[in-house]
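Participant: Sharing the record's features from TrEMBL:
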type: DOMAIN; residues: 12-128; note: domain 'Response regulatory'
type: DOMAIN; residues: 169-212; note: domain 'PAS'
type: MOD_RES; residues: 63; note: 4-aspartylphosphate
């Protein structure tokens, strides 16, 4: 049995619940909170519905114990392998072994059915906000990566905590210094002997740590062939996976 309530202005919740009496209560709570609901009884139905209606679903509310068919964790994993959607688990069980079944699955919450209406709605709203934030960050990251790799300016990223070791370079940087990414990543500029004057490297590190940024620092650098070139270096601190890194812009000066 399925129940669908369509409204273009409402968020659509795909409710996967095999117990009809509970489903009716959950649907009533969700509708009262302003959500549209599509209800299916089995994990198999959920997989099929998402495959045909991914763009319509805003969140999946997935029961774990779904009776004779596949359980909610299997259905969730199958769906998330192909679709990017926020999913919240719903269960009567708080036992460790049940909760552990969900730990390897990317979800945005675990709600006990005994928690009540207020907790159910609050958890769903929080999951939707978290997913929106995740999507925004993911889009921003994709834009940055595209800009990083196509930029004509030589750019590199350094792990500040690991003596400014290279963690990424763009093609323009590789072209400028004559090294491949494989030759650079994991090393320091000192190990690559890039600075003609090693004191420049120490001064750059000091200024970065003191000021958090560096603008147009003039220096001379050595490329792979041994040729010395004039350059101008700028740096900004960026956060990557919770750790400070230095984003570097290297310009060659032509005199």
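One-based numbering along the chain as shown.
Glycine too: its Cβ is placed from the backbone N, Cα and C atoms.
Automated prediction, rather than curation, is the source of TrEMBL annotations.
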Participant: When you measure from the Cβ of residue 63 (4-aspartylphosphate), how many other Cβ atoms are you left with inside 10 Å?
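Facilitator: Within a 10 Å radius of the Cβ of residue 63 (4-aspartylphosphate) lie 26 other Cβ atoms.
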Participant: Check the residue listed as '4-aspartylphosphate' against DSSP and tell me helix, strand or coil, would you?
Facilitator: strand
